[in-house]
């Protein structure tokens, strides 16, 4: 059998199936590789074996070699431990971004090269173009499925060795192609959520690793409303799962998480989705990553997303001496959350991004002041 030139990341889903089919139809020398990133805990939540069987079936239909690699140890060390540490620190991480950077476009790419390939391909909805002597990461043609947000940590070396064969397709087109090609995954439901959690209750999953630390739920005026099982189980803007019943002298309106203070173990809530405590027009990030290797300029304007599938928001970006960013938005933003990813765009091009560190939301400013006081005492 010929040494494959391209190794396709086979997830067992329809997207990677069509990615492999398209490359195979172009007479590329390819092979498929299925990654196991999580050891099944017995609840069958990741459906890993079912996905593996589907990946094997697709490779069989296409007549290409199938490979398997277990990256669960690497995933635990490089993605999951960070995920837990962020929640323990009161932040809301995005494990998909880290998984792409550390697993799919690092360990998977290294494995592909060990198998003799010079490129990898995945079923991501994104595009890569080469012009002006560098590689550019672009949004997928199907904006509703675009995954460039999760790929913003990639750099020139990874893009040079990567293909996104379905980036020019709309999802309905893709399913039609899969059906016409006789791929058994053509009607398979899209996976949602985080694999290692699956369909389980998120809070119950976290409790296995972060034991409950009950505390008070308060309103913006510091009035006690109820109790919570642990502030790290909640995120800004969250409405579900607060278990706040009828509160005396309060309207029967839903409650929203507007802040959390780890120092006092207090969860703050308000009854208005448009609460001023959820609004911000400025954020500071951790040091940024740039797809091109460097920022466009010390100060520049672009658009940004502070959460997946958010509309583009115009902003001004200032690069600080340590590589972190100060971002000023034209319009007020809702529930900008520390730990989540800020991703920057110039039209359809993804420039890069960074982890959100803090914002000018009222309770976030208070948390930052308390943290600064604590650090001064420790010093």
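Backbone N, Cα and C define each Cβ position, glycine as well.
Taken verbatim from Swiss-Prot:
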| type | residues | note |
| --- | --- | --- |
| ACT_SITE | 99 | active site, nucleophile |
| ACT_SITE | 195 | active site, cysteine persulfide intermediate |
| BINDING | 9, 10, 11, 12, 13, 14, 15, 16, 35, 123 | ATP binding site |
| DISULFID | 99-195 | disulfide bond |
| SITE | 124 | site 'Interaction with tRNA' |
| SITE | 340 | site 'Interaction with tRNA' |
What remains of the recorded positions 11, 13, 15, 35, 99 once a 10 Å Cα-Cα cut-off to residue 124 (site 'Interaction with tRNA') is applied is 15
If one measures from the C-alpha of residue 340 (site 'Interaction with tRNA') to the C-alpha of residue 35 (ATP binding site), what distance in angstrom results, rounded to a whole number? 25
Other C-beta atoms within 10 angstroms of the C-beta of residue 9 (ATP binding site) total 25
Would you mind checking how many other C-beta atoms are within 10 angstroms of the C-beta on residue 99 (active site, nucleophile)? 23
DSSP, reduced to three states, assigns residue 9 (ATP binding site) to strand
Neighbour tally for residue 15 (ATP binding site), based on other Cβ positions within 10 Å of its Cβ: 26
All-chain count of other Cβ atoms within 10 Å of residue 35 (ATP binding site): 25
Just checking a number: largest C-alpha distance across 9, 10, 11, 12, 13, 14, 15, 16, 35, 123 for the ATP site, rounded to a whole Å. 16
